[in-house]
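Data block below; observations after.
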Amino acid sequence: MNAATEQEGQQGHVESRVFNPPADFTANAAVSGMEAYNALCAEAERDYEGFWARLARENVDWQTPFTRTLNEDNAPFYKWFEDGKLNVSYNCLDRNLQNGNADKTAIIFEADDGTVTNVTYKDLHAKVCKFANGLKSLGIKKGDRVVIYMSMSVEGVAAMQACARIGATHSVVFGGFSAKSLQERIIDAGAVAVITADEQSRGGKQLPLKAIVDEALAMGGCDTIKNVVVYKRTGGNIGFTEGRDIWLSDLVDNQAAECEPEWVEAEHPLFILYTSGSTGTPKGVQHATGGYLLWAALTMKWSFDIKPSDVYWCTADIGWVTGHTYIAYGPTAVGATQVIFEGIPTFPHAGRFWETVQKHKVSIFYTAPTAIRSLIKASDADEKVHPKSFDLSSLRLLGTVGEPINPEAWMWYYRNVGGEKCPIVDTFWQTETGGHMITPLPGATPMVPGSCTLPLPGIMAAIVDESGADVPNGQGGILVVKRPWPSMIRTIWNNPDRFKAGYFPEELGGKYYLAGDGAIRNKDTGYFTITGRIDDVLNVSGHRMGTMEIESALVANPLVAEAAVVGKPDDTTGESICAFVVLKQARPTGEDAKKIAAELRTWVGKEIGPIAKPKEIRFGDNLPKTRSGKIMRRLLRVLAKGESITQDVSTLENPAILEQLKETA
Ligand code: WTA
């Protein structure tokens, strides 16, 4: 074993295996060895603003240089580099044309059916400029919001970059969300246009996009929308509303291939991305331009050690934050060559990821633990799709994101995909943080399976108790970040109060950013392990969902009187959704229950999107409640796991109900 010193296996739940970065990796790494890491941390401690100012000057091209680094006057509404001006698309595209990357491949597009299209930086620049000019011709201007509802495509990335080029704020909505979810986001954002495709191609199937946009707009309330721009992906049959809808090709084909970037203030909102919280409707996380771009570029170098010769592949979707920072912006900001994949990991077979790594000689591969776990299962069942059946020798670095990775999945990834020679960066971060926060640096940090190890230099992550006091290592608590950082969320769109109360709660002193996760630090190493959300947010296959959202969707069904949703641990998806439902009619049983459960699942799919469909639905005459009427979710979580209840149920008004709720419909 060249890279690792494998110590004892797992003792209880304390993971004691340690894997050092390979020496040759460290030798050439951007951050080479722990001394280099510690030196960066010390620099940030010594002169926090000076540290970020230096990095912002080195990593971002400013049209107007900033003179003020951090403005904390109106905390927690922090401002970074506020008097500087820049353009993100200029930094991601024009800069590469000047750096000698014009003919370098920016994107290797691997379509669902395996067709490959290469796009150089010069091509991408022209595409984005034409797109930007097209949007301008529709009257779209700086500060307008544009919703993007598209599948994985070069055009999806170009749409985002085109918005950035003209200073329009984009809001990408994941293509798996329903018409209703799309409509809610369009209304909240007050968008002037939607950019979409006729259909998307996934797993050999054509799935509607434009039809869903039509449905969303027909629901009403979207009066701000003037145009729908449609990229022809499949050529499928779609409806067209004259005057409102326009084909992308008609919009851009005759446009000039140059477009002067709109120079915006560093704090100008680059995008809004909706994500789930523990209460209420999804919130529009607003990111700024300057600090965000710095983060995207910097973490490509720090966490991914990106080099000019790398072929980088992040398997996320542009509908999620990972697809923003680590597909649309980060790789282009550093002039990388990246694979963009349209399809799904199991089509035409479960070896698709490994086959694609082999085909494009991918050197950096970034995916989610859920994908790894499902591919472990598939390759256990069929040797032909096992990573060993492919040539993965091009790989030099692996990464994971989105959910905790269990040590066994980490080990499998390390051995079978990385051939024990690739460091794994287990990157902890959130939609709100804009980019990586706690992660190993691949040429420095000794890795421990299941731990995201240490914060990036300058990130003042800590674990506190409920009063905001530090807890000692070895004792679990609440994960916070004690100082603002450049790529942090700026506010919740339309809802600054919710931003302040939710992320900088008074109970913690009003100054710490509350991540919403629990964590524990190792007694000896100080390494962080994320223990999961401390609020009512579920993480299913790395997708964030609020229990409240799913409950509201269920009770909106005319059959349902009451519903409570909890997460249940799941071997593959991390967590799965288990819903406890009380109907207005008598509690159904047998076939009847199955039929209604199927109906409710479809319903939730329509209300939110297929990703929110409960895996299990259980019917009761009532829900377990205290005498004051509070639903005892704690008990529901135990029931969902199929464990017997050992807790005190004396405060429960209706203990008999528990028996009913053990049964899945
Ligand atoms: C979880 C995704 C453990 C966490 C980038 C966080 C993780 C939520 C990790 C954010 C990780 C993300 N280890 N848990 N490496 N990465 N999470 O906003 O609970 O979709 O709060 O951003 O995912 O999910 P989001």
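Using N, Cα and C of the backbone, Cβ positions are placed for all residues, glycine too.
Together with Gly402, Glu403, Pro404, Asp426, Thr427, Phe428, Trp429, Gln430, Thr431, Arg533, Arg544, TrEMBL lists one candidate of Asp380, Asp382, Asp517 for binding ATP, that being Asp517. The stretch that TrEMBL tags with region 'Disordered', taken from the ranges 1-20, 341-360, is 1-20.
For ligand 1, the nearby binding-site residues are Gly402; that is, of Gly203, Gly402, Val560, these have a C-beta under 6 Å from one of its atoms.
Around the Cβ of Arg533 (ATP binding site), the same chain contributes Gly516, Asp517, Gly518, Asn539, each under 8 angstroms and 6 or more positions distant in sequence. Under the three-state DSSP scheme, Lys630 (N6-acetyllysine) falls in the coil class.
Secondary structure at Lys205 (CoA binding site), taken from DSSP and collapsed to helix, strand or coil, is strand. Burial estimate for the binding-site residues (Gly203, Gly402): highest at Gly402, by number of other CB atoms within 10 Å. The record assigns Arg202, Gly203, Gly204, Lys205, Thr322, Ser541 to the CoA binding site, and the maximum Cα to Cα distance across that set is 24 Å.
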